[in-house]
Structures are given as structure tokens and as C-alpha cells.
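Contents: one structure, followed by commentary.
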């Protein structure tokens, strides 16, 4: 007699375990599953658990050489989504042993690597992940975090101000540096390379770094404040990226920048380690995020990408504005802003937070509001994001009819006014424009 029956078998026999008690060390995932017509939700949920952990479509004899019960992902709870036809939230628990320590790359390859192309599913979205302390402790996390950054910059009790230098492509290095200087001199804390400024024929990276450093030091000398410019170190290879970060450190500037999704988590984590070892702050841009997170029923929600970045490492990350030109709902955005900044975040479904998350004092990340905002949004932004944030106005600074320094000054004045009014107990939402 044979040891097992060959043939295709239902996933739910092995991978749907509604009685399972989740462990403190499990990585928990919440998926929004839209099964194909005729596929029961239990089978779809079990299929997700199987395909993203130990499963294959049939029993193989090598299954006998390991303990499936120890290593398999388990679908432990399913709930229908209110107001949606044939859509379910499926909860899956993964044993910690399935993941390499300190590798966001491996975590994602395991959890979302294969399962999204699965035939039994019409659509699949990863809504949230619970990262247990046992796993988050294997990551360095942000190079410095919010508190250390404030100490380095000597700026307290208010949001920081930034500005992306526009036109994003086409300026020469010297003119670029001039724009940087004018904005910093006018009162901003930071200026920023656009995410697609790397090292193009009209402006090579080394020239840009040099002129921006000059602009920073000149503005610092004249204002008596610490200034920075996010020098984009993103490059075609990890080696080239590190080379750029090394040059930035040699110039003595305070901060570099990386596009973490296009650059990849492996490169990002390498850069974050370099930044902590060498005292550089790291600004993270989320170019490509909407490709992954914009569809409501398929992809990965940005709060998961934000959690992954906090593990991989970054001191700032773009997180939507609630008020500008790009999409983002207020409560949901505030949910993942808290996930970035706070130590303990309680489960709260109204804000899209499916699991309580405990970060064990992994440093926090400053959320960056950027994209189509200008000075009249300031009261709203100050109220929504609070002190620990970076507010970035690109066109909102350089678009000032009198030029960059007045544009920068206007933003700074507005910010100081809003913060002062708030501290004096006025209601920003109501009285913002008079302030």
C-alpha cells in the first residue's frame, strides 16, 4: 500500500485551521481576497496561506521529511467585507522560522512572492502585517530616528520644512545649487532632489553634490541654522549608490536620499546601515508605490510598505498629504503615519489597522507630506500631522511670484504662525486662514 494518495487535493484540508491560536512570534497577515466565482472563501484563504508558505498543489513524498505542522502558514480567520460582494478579509499566520532574519526582501518574497498570480483568486490585496518583536528585533531599522534627528538639527517643537527643487529635470548643477541656496536662505530646513534626479547627462551627480553642499554651508553661515539637502544617492547598482553616499559624507552634508521601491529593499537596507555607521540621515522617497497600492482590491496597501520601510531603514518617508494633488484618505493616512512614528499602535479597523503593532522602541520615521500643497494648506497640515513631520512644498515655494526666497519665507512664517496659534490654544481647522 502506498504512503499517500496522489492527485490534486483541497488546500483547506491542511491550511484552513479556524481553531488555531496565534503565537506571539507569528507574523500575521490580513489579505483582502476576491475569489473566482465558485471558489469557496475557505479554499481561497487556505490557498493563499499554502502558496505563500509551504504548499504545492499536491502531496509530495518529501513532505514526510519535514514537519508541516511546524512550518505551514495557516488561514485562521475569514470575514466577509461589508458592502462588497464576494470579498473577504483572510487572516493568515506564518511561523517565524519561515523568514530570514533582518531581510525585508525575504519577508516579501515569502508573503507576496508567488500567490498574487494564483488562478483561484480574481484579486488579492495585502492589507496589513503584524511584525512580532521577535522578528523586528533582527532589523537595525531607521538609521537615526526622530529624536536623534531633532538633536542633530537642533530644531524642536515644530514640523520641519522642505522643498523639492523644480524644474525637476534640466537645470545645470550650478543653477540647481543656486535654487537650493535661495530656498534654504529664505527659511526652509531642507531642500530635496526630485526622485528621478540621479545622474543624467545635463547634471552629473558629483557636480550636483558639490554645488548643493556649497549652497548648504553658505545658507547655514548666513542664517545660523542647520540646513540640509536630500542628495539622491539612488543609482543603477548598489556599489554606485554607496559611492555617492560616501562622497556626500566626505562633503560633510547631513542627509542623503533613496527611492526605496525602485531601488529595492536590499539596496535600501545596505544604505541605511551605511547611514547609521556614518552619521548621515536618510530620506526615503516612495516612487512606484501607487503601482502597488492604488487598486482597492489588488496589490499591497501602503501601510505595509511603510512598516517594511521602518524595518529596512529610513528617517523620513513620503506618506501622502490628505490635502494636496495626490490620493489619500485622512483616517487611513493618519493610521500609517502613527505606524511610522509611534512605539505601540493599537488595532483600529476604522483607520485600517488590522493588528496591534508593538515596535519595541525601534526608532520612528518622520512622515513627509509632499505633493501639490502650498502655504494655505499649512493650518490643516499642522493640525493633521502634528510636530513630528516634514512638510514639503515644491511648486508651493518656487512658484512664488517674487521668487524663491520670499516663497520660502512665506512658508516659514505661515508655519511659525500656525504652531504659535496652536500652542496658544486656537483651533487651526476653524481659524486657520486668519492666522
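Here the Cβ of each residue, glycine as well, is placed from N, Cα and C on the backbone.
Owing to the predicted nature of the structure, the values given are computational and were not obtained by experimental measurement.
What Swiss-Prot says about this protein:
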- 5: N6,N6,N6-trimethyllysine (MOD_RES)
- 114, 164, 168, 286, 318, 370: substrate binding site (BINDING)
- 166: active site, proton acceptor (ACT_SITE)
- 192, 194, 195: Mg(2+) binding site (BINDING)
- 192: N6-carboxylysine (MOD_RES)
- 285: active site, proton acceptor (ACT_SITE)
- 325: site 'Transition state stabilizer' (SITE)
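Counting neighbouring Cβ atoms within 10 Å of each of the binding-site residues (114, 164, 370), the lowest count belongs to 114.
Its Cβ placed at the centre, residue 192 (Mg(2+) binding site) has 28 other Cβ atoms within 10 Å. Summarising the environment of residue 168 (substrate binding site), the number of other Cβ atoms within 10 Å of its Cβ, over all protein chains shown, is 13. Annotation note: residue 285 (active site, proton acceptor) sits in a strand segment as assigned by DSSP.
Taking Cβ-Cβ distances under 8 Å and a sequence separation of 6 or more, the neighbours of residue 285 (active site, proton acceptor) in its chain are 195, 232, 257, 258, 259, 260, 317, 318.
The least crowded of the binding-site residues 194, 195, judged by other CB atoms within 10 A of its own CB, is 194. Other than the site residues 192, 194, 195, same-chain residues with C-beta atoms no more than 8 angstroms from the centre of those residues' C-beta atoms, the Mg(2+) site, are 164, 165, 168, 193, 196, 197, 230, 232, 257, 285.
The shortest Cα-Cα distance between residue 192 (Mg(2+) binding site) and any of the recorded positions 164, 166, 168, 286, 370 is the one to 164. Counted over every protein chain shown, other Cβ atoms within 10 Å are most numerous around 286 among the recorded positions 166, 286. Distance between Cα atoms for residue 114 (substrate binding site) and residue 194 (Mg(2+) binding site): 33 Å, as a whole number. Residue 370 (substrate binding site) sits 13 Å from residue 166 (active site, proton acceptor), taking the CA atoms of both as reference points. Reported as a whole number, the C-alpha separation between residue 194 (Mg(2+) binding site) and residue 166 (active site, proton acceptor) equals 8 Å.
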